[in-house]
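Written below as structure tokens is the structure these notes are about.
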């Protein structure tokens, strides 16, 4: 037999798994231990005391030959016969009419005795036979032999194997109860779950989060936490007309609600976790996220638990059914027919089983335990199918805490949490803290504020090209609170901060007028939105999908400049159409860098207000441009990289257009330029980076043109019509194939900037130097061999590019260009060194001035 310690080890599980053992499993484990004790106790008794005692039963023929005593009293008669060395003795005792024969000598010898009654019925004769051999006295051995045979023949099998069956059944039940803790595909998940659950329960962040949850949504308490009691609340001077609607995703204040009879929870004095605790909490959030994704995709643990419960129930029914049939077979008396009459002379024996009474009591006890076990199994099945255990809701936790975003879980994750609730519901409440994004963001915020102090942020503030104070934050977990203490900041750039939150403290930043959100769907509080709505002038939004654009952007009614950079293809145009721009009543500049096939319809909502529209299309062909006709007030229009092949006709309706930029398209011909005569205000025309081969003479009709950019095209000549534009101040024909500068260039008396770099010019006409207002002259990368001395006539020249030509020398008259300095002279060093020393001194006059002024 097994010892109790050896068998009990089968039911051992790790102590940490106890939180997954509901009361019924624990109770069934104890019942299994009691059943083991019954099996071991019964087995031990059987090994030490189990036996039967049998006595022979006289044959009916013998009983019929015995004469009863007529007097009704016991008549005792003894007949002895001795022959040589063999003795036999038989006593016959008669009680009434039922005589009993008790052998006193060897039973095998008694079979040869014959009783022959006399005629009077009182004399008994025995026939003696000759025999040989020795007297052995084997009567005791015969009884032992009969007892052993009758133990196996007469005793029911259930009486002999009852303890072993109980042991086997109990082991099966124990294995069925704990199989889900041992099966590899479930025990690994359970092990991770228990480990993570224990760490979440003991984490300092859990305690801190739950202790502060009541005061987290209170404005006064929040100000005390951030030390902003003295911060004046921003009061919007505008009406509520531009306030966000109910559907606008803003940061809402929702959480624990206080009643009058509930005391306020005090704010802990320690608001910053230890760095090690914070790192551990971050690791726990990541573990919980990965564990949830791994466990929620299957319901194997649930199915396994249901399966083993069904097995235990079927086992209970099986044991109860067959045990009830055999309970009456355990009896004290048994009749045995060993069929060894030729050895002992008797055919039937009556036997007694000395363990029958005890075994029957143990069996009844075992049946009682099995019945209790079975009822618990039925209750377990009822619990399994009464509620959907593959779904778990944290609704109660959400109601009691400020973490309203704790998600519901499903499948095995939900089942494990249901099992934990049977142990202690506090585990689920503390575990839910690590499922909340609000909680995770709060932890990140604490760590972020601890790392990014005011002093550190001040070191990252720089001056941009517009001489404004600018702060650029990149790839942080959030926006540090200290940012809002930089009250003199002009520009704030937030890039790759997915959890950015703009709080009410931004109302301190009265100088802030420009905000950049690069892949940063920032959320704003109501007070912060009111401030931005009334103060923000310029907003840059860079996104991958249009859904990343914060909805509050469309409600900034005082916004002047909006820059949208991201994917706005035809499918997403439907989405962006849902968010109208009509509320941006003061919007003047709209810059869209995307891949549009047509101008989004909602842009027409702000079309009457726009003065500048820029569309950079990244090579996608812009087909539909009819919406441009509604932009009657547009003064600057840029359609860059839109794969345009001709100048769009819709442009000719823009009567207020002053600057047109069609850079980086596929325009080959500009015959439509004659229609520009209706654009009386057009002063700047940029057709650079196209495929234009010629300039039509109709360009003379653009009387007011002041700037003409035709660089990076395929021009070979400059027509005289270009030089009839008397108001032209800037002409850029760089990087073409022009070989000759026409002499008519002298007619452009107002020309200030002339760029012809990267062409094939070899001679400079003298008429060029009649343009005495020239300030910039770019002649680099041509074939020019000499510079005329008349260059001295350009008294206002400040920039002269000559590098990349075939010059042998520079004219000494360069010294007469009073405003030209060495920094503005782009030429090879050897040519500059060949100039007379007095000329070089003139050109170098400004070299020491900047240093002197800077000291």
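Using N, Cα and C of the backbone, Cβ positions are placed for all residues, glycine too.
TrEMBL: automatically predicted annotations, no manual curation.
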Range annotated as region 'Disordered' in TrEMBL, from 68-89, 90-111, 112-133, 134-155: 112-133
Among ranges 27-47, 195-215, whichever one TrEMBL labels transmembrane segment: 27-47
Transmembrane segment according to TrEMBL, located in which of 363-385, 386-408, 409-431: 363-385
Arithmetic mean of per-residue pLDDT over the domain 'Disease resistance R13L4/SHOC-2-like LRR' (677-756): 93
Helix, strand and coil residues within the domain 'Disease resistance R13L4/SHOC-2-like LRR' (677-756) as assigned by DSSP: 17 helix, 12 strand, 51 coil
